[in-house]
Structure formats: C-alpha cells, structure tokens
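Participant: Just lifted these from Swiss-Prot, have a look:
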| type | residues | note |
| --- | --- | --- |
| TRANSMEM | 22-42 | transmembrane segment |
| TRANSMEM | 63-83 | transmembrane segment |
| DOMAIN | 127-177 | domain 'DHHC' |
| ACT_SITE | Cys157 | active site, S-palmitoyl cysteine intermediate |
| TRANSMEM | 171-191 | transmembrane segment |
| TRANSMEM | 213-233 | transmembrane segment |
Amino acid sequence: MHRSGTTMAWNVFKFCTALRGLGSIMILLVLGVVGVTYYAVVLTNYGPALSQGGLDSLAALTILILFHFLLAMLLWSYFSVVFTDPGVVPPNWRPSTDEERGESDPLNSLDFVGLQSDSSSSNPRVRFCRKCNQLKPSRCHHCSVCGRCVLKMDHHCVWVVNCVGALNYKYFLLFLFYTFLETTLVTLVLMPHFIAFFSDEEIPGTPGTLATTFLAFVLNLAFALSVMGFLIMHISLVAGNTTTIEAYEKKTTTKWRYDLGKKKNFEQVFGMDKRYWLIPGYTEEDLRRMPELQGLEYPSKPDFDSQ
C-alpha cells in the first residue's frame, strides 16, 4: 500500500515537462517585480524624501542603503542559481573504493547484479539511470525537465529556470533568505503609503505612481509570506541533511543515513568558513577539504547499517 502511494505521489512530476516552455519568461518576471519595486521605493517615495531635510531625510537614507544592499545580495544570489550548473554525473563515472579499509569495487559485488533492470539497490552508492543509461551516485536523481541526472537534486525551480542541486543549492537558499528580507523591508516601508489609500486625506502623486506603489506593496507582501514558508521548509531540510526529493522518498523512515548532526549538516551546504556563509560562493579551502560540496560523495553515519 505504501509503494502505491509513493508511486501516485511521484506521478505528479511527469507534468513537469511542460515547464520547459516557460524558459526565460520567469527570469523576466522576476526582473519585472524588481523593477516595479525599485520604482515604487526609490524613485517614487524615498528618493524624493532625501531632499526634505531633518529626520525624514535620515530615515529615507537609511531605508535606501538597506534596500540597495539587500537588493544587490538578492540579485547576486539569484543569478548565481540561474547560471551555476547544479552538477551532472561525469562521463564514465564509477563509485570510489577505499582499499585501505578493505572495501571492494561495488560494481563487482552482488549489489550490482541486475542493477540495469532495477534502479534500486541495497548499496546506495551503486545506482543506474535507465533514461541516461549510466551509473549515478547516491542522492542523484533524473530531472525530467532538464533531461539529465542532477547531483543531489532538490527540485527543478521555475523561478530560476534551472535545477537546484549540489552545486547551487546554497545559492538558492541565500536567494530565498535575501528575498524574504527584501520583500519584508519593502512591505514595511510601503505600508504607511498603502494605508493612506484608504484614508480621506489627499495623497500626493500621479495615478501612475500611486498605482505602482499599491502594486509593489501587494506583490512584496505576497512574496514575503510565500517565501517565508519555503525558507522555513528548507531550513528544516538542511538541519536534517535532506533534499526535497529525499523528504518524499523517506517520509515513513525515522532514521536517515546522511544525518550527521545539525552542525555538520549545515556545513555540507554552506561550507566551514563562516565568512562565506552569507555569500553565494565557497573558499578554495572548503572545496578542497569537503568533497561533498562537489556532489559525488557524502559521508554517512558509521553505524547506520548496523542499526
């Protein structure tokens, strides 16, 4: 019964192939929302307030500095997700072995027998994609939208027109983080102007600027609330070292092979260098000493198989 339910849940993803037609339209939509917001906050309301003098100018300057900083970080993170390949399986990839610890080649073990006819295996390091006709590492999944296997695939995101996987998952999380902060800021600073629409006082401005302010407030409020939900969900996934796909696959499993504790789970996504935690990038040292950032190998609990 559980197997049937899982199959029904995953059949939904066959409709994701229709997402290919969206293409760069979603990127233009994101930039359009940014443009409307920029016009409402900077050009219509708080830019002109800089010339008023006194505390009004100081407050406007503070808001504009914070707004531009968050906007810069948002766009940096966003385009990092868009233009960074999430990670693909190298040609002729084979799982590594540790001869010093007495490990044998998984391809020569009984786990590999019949692998090409069954994508599941008792050895999570040995899996086969019948669509790509190649071996794939653990935590790797085939994306029906991109038509390829993606390392540590989380999901295919229509907003970034790209898969979110091992090599750009951190950038996606930072995009959510800075989007939430930016949209929350815009909602708060435009709220007095939005409330003024429902008062009896005369509101200065042209119909165009007033409509832009109204639209920007509604859009940013909607995005702030929706992104907050996604951000909370992904914080929970990072804490358990789980992807969105894996959360569906193991929804009845209480123990998880890759859950090494919140600190190590966090570092597997954001790296060990704290200076880079809020920046869409990694240090060369982290890339060298943390192979899991490359998406091919992930440490698991030493005693997991004996539990």
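Using N, Cα and C of the backbone, Cβ positions are placed for all residues, glycine too.
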Participant: Within the domain 'DHHC' (127-177), what mean pLDDT does the predicted structure show?
Facilitator: 93
Participant: Let's see if you can do this one: DSSP helix, strand and coil counts over the domain 'DHHC' (127-177), in that order.
Facilitator: 9 helix, 18 strand, 24 coil
Participant: Report the same-chain neighbours of the residue listed as 'active site, S-palmitoyl cysteine intermediate': residues 6+ apart in sequence with Cβ closer than 8 Å to its Cβ, ordered by sequence.
Facilitator: Val81, Cys163, Val164, Phe172
